[in-house]
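Here you go, one structure.
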Amino acid sequence: MVSSTAGYRSSALGKLKAFISLTKPRQLALLMLTMYGAYFAGGGSLDPRMLALLTIMGFTSIGGVTAFNMYFDRDIDAIMGRTRRRPLPSGVLNPYEALAGSLALVIAGVLSAAAINTYVALTVIAGLYFDIIAYTQLTKRFTPLSIIFGSIAGSMPALGGWAAAAGSITTGGVLMALIVFLWQPMHVWFLGYYFKEEYSVARIPILPSNGNPRLVSSLIAVSLAGLIAVAWAFALYYGYGFLTAVITTVLAALAISRIGGFARTGERREALKLFKFASPIIAVVFIILPLERTLVYTLLLG
């Protein structure tokens, strides 16, 4: 009886860990950082109830959407070498367990968002639509343009964080969401280039597998230039964020210079390095901007 109970607990714990991995914890943490950063950059308070709701909303909605995508993409994951050991293709979780858990998280995400305000709930619903339906169901397997819908979905946590602070969707939230949107080609395409053979085997049309290093590099450089422009537009519009804009400019310019080298060689190792360089860029923006706002308002209010 004791060994049977211990085995059950071990199995249950293993399934819980497996389900948590479906939420892609690292990606989840980065997107929640954009949510918190936008919330505090928009003047959000340290009210415990609000922070609790925001945390629950972020974890359940972002994690739930990601887990849903894992459920729908389990056939692709079984083909690609880097994903076939994930919980669903490896059999650690069955599809019904993944679907039930994903649905529970998404429902909790929508309800907690609605408890904050209507605009936050709308960003969660928009994220669900653009990620699960527009991206995963309608475009991912058919066109490289699917990145547009995936990037819109990825920018919703930032828009929702700002809406939680401002009480509505305003210019600042749109600009912060646009920063995330313009950052994502670097994040997605360099990883896609590194694994382009696997994407080809799985018949997933992404630009790196169909194009060439120069085309990929040019489009990513344009998106980073746009990111710089949006960072400066935010600073000029709100009167704070100039330090963030300067640092963003330096990091993006450094990335563009390295992208130039990749365009000439097309080396996979360099693509992986550039993919890893993408996360610090977005992290810096969403950490420094709220700190800068706090400093500016503290000085102004004396």
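Any Cβ shown, glycine's included, is placed from N, Cα and C.
Residues annotated as transmembrane segment in Swiss-Prot: 28-48, 50-70, 93-115, 119-138, 147-167, 172-192, 219-239, 242-262, 271-291.
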Between the stretches 28-48, 219-239, 242-262, which wins on the count of C-beta pairs under 8 angstroms to the transmembrane segment (147-167)?
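Answer, by Cβ pair count: 28-48.
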When each of 172-192, 219-239, 242-262 is checked against the transmembrane segment (28-48) for Cβ pairs under 8 Å, which one has the most?
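Comparing 172-192, 219-239, 242-262: 172-192 has the most Cβ pairs near the transmembrane segment (28-48).
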Within the same chain, where does the transmembrane segment (242-262) have neighbours whose Cβ lies under 8 angstroms from its own Cβ atoms, ignoring anything closer than 6 residues to its ends? I mean 6 or more beyond.
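The answer is 186, 213, 217, 220-221, 224-225, 227-228, 231-232, 234-235, 270-271, 273-274, 277-278, 280-281, 284-285, 288-289, 292.
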